[in-house]
Amino acid sequence: MKDHLVIFDTTLRDGEQSPGASMTREEKVRIAKQLEKLKVDVIEAGFPAASVGDFESVQAVANVIQDSTICGLARAVENDIRRAGEAIKPANSGRIHTFIATSPIHMEKKLRMSPDEVVERAVWAVKLARQYTDNVEFSPEDAGRSDPDFLCRVIEAAIDAGAGTINIPDTVGYNVPEQFGALFKDLLTRIPNSDKAIFSAHCHNDLGLAVANSLAAVQNGARQVECTINGLGERAGNTALEEVVMAVKTRQDVFDVDTRIVTQEIVPASKLVANITGFAVQPNKAIVGANAFAHESGIHQDGVLKHRETYEIMRAEDVGWSANKMVLGKHSGRNAFKTRLEELGISVETEQELNELFVRFKSLADRKHEIYDEDIQALATDNNNESVENESYKLVSLKVSSETGESPVAKVTLWIEGQEHTAEAEGGGVVDATFKAIESMVSSGATLELYSVSNVTNGTDALGETSVRMEKGGRIVNGQGSSTDIVIASAKAYINALNKLKDSAVKAHPQAGL
Ligand code: KIV
Ligand code: ZN
């Protein structure tokens, strides 16, 4: 019997900390439902003290998820712990994850606290969290650059205070596998009460080693891995859930652990997170990249056709690639559509919202014969973007012309704060002209940092999904739009980003200090 490896997903918390990846409550609930289907053990749903919106998102996730533990992050301060405790209250099973930095540089420069004060605060925080739940996790932030002797001291005290999970974060992605593995071995051997807690690895990918470091930790006694779908996360991202899970499953000869992950739900989860955040998956990304199971060279194809295992160590269908099936078409009725929405975890709160979505579905089905789950997810995200209350800008109409030898021109009509405005502009291409026309009306002053288009499914009639990243005054937002017409999708994405920039809600970053 192998040990169970706890899969702790932090897409909704550490993943969301990635600039521009912020998600609405509805989007977080949709992803949480997919994570539950995937059977992750713990969902870190957010940092409730960051803002009212973050608190409500964690609470909403805690309300709907039955089968995974719902975790809220809290710095070692009273308000954070109380907010986390309240947010996870509705959960069947709730956890508070509290943390304080332990590396010399963080203690001295960020916290301005002595090591003794840090130990005292860690113990106090764990005890306060235990007043809300028996399930408390403690992290010595920047453990990867902390003194191992000091780590032993603070972790022993945290376990004595009631922490059942000890998470070891390599916060800045500085460690290498041999070293990180050895750290786990050292801590598990030297800490006298280490058997009273599950040790967990939380790695960042700055050197491209997050998955390797996490697996080295598992080989040296870690029994929880913290990870995100597609490796989403600040800077170079976090440990990719799909890579850890498939490494453990594929190399059962090497790892003494098992997960309960339903691997067929991996690709749907990956697509959903990419669609909602606008962070596209690179084609050669392991497991979930579009090329991950494509065998191009003739020799490989021949080998695979003769005997699959010659060149394949995993089966595409085992990670959910075959889940891409036609689900609905032009003749599907409202009930079939509603049922599929429910199956995909997409909640529509009012009849009017359902009607709007159904009209969009019908119009898509007229242009595209086969409708896949990914199309429905994209429609829902797009609908969600457009029905945001108090949005300042809305696309009314768009007309473009493009002709060889002529400058492309776009004519755009927008609702701006309740009034219709029209502008025309020329550009290097029709998308450029469209963005210029919009900008001439809104004068956002923001910089366009990234523009990308991808297709949701195959074929030239597929929905095009467009992402833009805009920056203004150090604030970064991502906007998404989808349509079978990529110019319209681009305009929608641009307008979505402008609406996000207008939204002044400020949220605290958990790692900015106490
Ligand atoms: O990377 C990190 O240190 C974190 C902590 C809050 C656990 O995300
Ligand atoms: Zn982190």
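The backbone N, Cα and C atoms fix where each Cβ goes, glycine too.
Bear in mind that the values here come from a model prediction, so they are computed numbers and not experimental data.
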Using only what TrEMBL says about Mn(2+) binding by Asp14, His202, His204, identify which of Asn63, Asn79, Asn135, Asn238 is listed for that site too.
Asn238
Which chain-mates of Asp14 (Mn(2+) binding site) that are at least 6 residues away have a CB under 8 A from its CB, listed by sequence?
Glu44, His202, Glu226, Thr228, Gly233, Glu234, Asn238
From the centroid of the CB atoms of Asp14, His202, His204, Asn238, the recorded Mn(2+) site, which same-chain residues not already listed sit within 8 A by their CB, in sequence order?
Thr10, Pro169, Thr171, Cys203, Asn205, Ala210, Glu226, Cys227, Thr228, Gly233, Glu234, Gly237, Thr239
What are the non-local neighbours of His204 (Mn(2+) binding site), defined as same-chain residues 6+ apart in sequence with CB under 8 A from its CB?
Pro169, Asp170, Thr171, Val172, Gly173, Ala210, Gly233, Glu234, Arg235, Ala236, Gly237, Asn238
Taken over the domain 'Pyruvate carboxyltransferase' (5-267), the model's mean pLDDT:
98
